[in-house]
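Colleague: For reference, TrEMBL lists these features for the protein:
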type	residues	note
COMPBIAS	A:1-14	compositional bias 'Polar residues'
COMPBIAS	A:23-33	compositional bias 'Polar residues'
COMPBIAS	A:469-487	compositional bias 'Low complexity'
COMPBIAS	A:651-669	compositional bias 'Basic and acidic residues'
DOMAIN	A:118-175	domain 'CTLH'
REGION	A:1-68	region 'Disordered'
REGION	A:467-487	region 'Disordered'
REGION	A:644-688	region 'Disordered'
REPEAT	A:293-334	repeat 'WD'
REPEAT	A:384-418	repeat 'WD'
REPEAT	A:573-599	repeat 'WD'
REPEAT	A:605-634	repeat 'WD'
């Protein structure tokens, strides 16, 4: 708001009633008229043309003099070549200064720049709202330039609504009723809304009122929220939205963060300095093996971290599962890993593991059996035998009250925490290969093989058993039948169920075998591995939006054709997608852009079957492989130790693990390290 | 080798392992019923799933010399029959790459 554009006579034409209001613009802190009406420069000698003069002496701590010279600058932009409007910029600065309490500086800036943050009408309006002076607020509203066409009625309705609710809160029913009839009824945009408001008259008590109106009372934040809602009807050039500068800076941060492909740092002042653009160092990213856990003596197929992040459960083809305890030592070179319990009582290979919410129970699935283990003692609690084919998925409920299992037998079963069947889904249309529950407890996402109804006519005994054979003698088949459909590619589907009603909500066909599903923390997306299909499409990981049933992003480059390969979200804000691969590498993508960030070698021959990011440490993940081992990945220790300041050129990491003598009797390290060709120990660079 | 789920077949008639009912083949992929195995009647199939193949061995059969591999159920390990790698007699070439399942080791499954 330009005060005067014509300041030829060397006084600032700040009329007394337009004195800048001291006090933060943020309503929470706004204190209206307690303004420190320090003498802002009236009748100051006009030092035009010397824009630096007032600041040049630098001592702004001095109780600044009675006069501040108005500085007149050419043009309207902040810099000659910028697009930023100077007035807008300065007004935001003034707002920010007020917000934090630099009242005098704000006043000085107003005087020096000739811009005020806002008119006294706006200040008064804000004050009226926050103090509940409704009549004055409505009067002021008219002076803020609202007209009947442009939001005046809507704004008034919002104010009346607050008034009404506050009267109800104060149990002044008669007055409230008056407002309802005379103010709300005539201006209500929708009858339903009015009806809802009227029904609040019936509320039994304050709790009830606040809950039903989703309103937190006059003493709560409701007046501030009202102000924010009113902002919609008042031009932002008149009343600047609250904390506008901070909003813009937040947007800049989000932009920088979105462009930071390796972003894996918490959002705070240290990682986001205003002085420089933010970028996470790729070196700080977990991409170096810091430990190899080798106790399983066959392929390791699956793994999951405990919620605490200090235990890791692994499932193997060797018919065992292992609970590993991960030492708390931050230094990977001295951290202990211990195979705390080797859970052996499985008759078959173990395909999945699932920690209860409090980490006290571990579930394992082995063929059609589910085993429940006490994680403190390693004791087998119970074996659940209700599936009649392979159990492929185990998922705890978000409230920890039980879990859900899914299997190739087309059954989905809900279990109590003590292993009693609570509920079952009917025969599902798919043989479930994996399932996941949304953290918001609303949906179950299952994937699997769908047997399309077969419409092939029976071949009608075309294969005559006419030529009686003796000992494998046979003539070539006569009526050579149609190409055998035994390997006809089965259809694969993603199915979404409502968790409470068990109703099928979505069923979407996807080509290629589906082997893994995870759900994002915000419950919006499912991450699904789709193997190379028989038509030669590449293996892809789909980021699939649950509400729309659409794939919104694909991650490619990894290999998957025949095996169960799993992927996961990971890192700060789940910024990354990580997956195993049949080529023995670990793949990591930037989630939002789909950029492939890392292809990490290290595991031996065979597939990397599953991956899991540590839920308590965004800079650590684990992978498991056909090579019988589990690898822990972290940032390069050499880099971490130097905390980024690699002063000497010590970056020449020994990238082969030949000298790796980690075998100080630690049972978790096997002896086959550095054996097989191509089994390079990526970056176990510790000096040992 | 990696983890993989057993295959499931669909069709009018599905043959499974008599021991553990794992799906093996459908009637649509059957080529002939006119074979004999160690346990009596055996069937020749174009395609069989969920099996593990053993090492190739040369075996003399009534129709001549063949290179075959025994095949086992992927789940329970039961021997189910064999696969023809190579037939030395030109008239028997059609069997190459095909599978024999012994009838007595099969059950109908769904």
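Cβ coordinates are placed from backbone N, Cα and C, and glycine is handled just like the others.
Looking at the shown structure, can you explain where the listed features end up?
Modeller: Within its own chain, the repeat 'WD' (A:293-334) is flanked in space by residues 340-344, 346-355, 357-359, 362, 364-366, 373, 375, 378, 564, 566, 606, 609-617, 620, 622-632, 634, 637, 667-670, 672, 686, 688, which lie at least six positions past its ends and keep a Cβ under 8 Å from the stretch.
Note on the repeat 'WD' (A:384-418): DSSP counts are 0 helix, 18 strand, 17 coil.
Across the range of the repeat 'WD' (A:573-599), the DSSP-based residue counts are 2 helix, 14 strand, 11 coil.
Averaged over the repeat 'WD' (A:605-634), the predicted model reaches a pLDDT of 96.
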Colleague: Any residues 6+ beyond the ends of the repeat 'WD' (A:384-418) with a Cβ under 8 Å from its own?
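Modeller: Answer is 351-358, 361, 363, 365-372, 424-425, 427-441, 444, 446, 448-449, 497.
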Colleague: Using DSSP, break the repeat 'WD' (A:605-634) down into helix, strand and coil residues and give each count.
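Modeller: Taking each residue of the repeat 'WD' (A:605-634) in turn, the totals are 0 helix, 16 strand, 14 coil.
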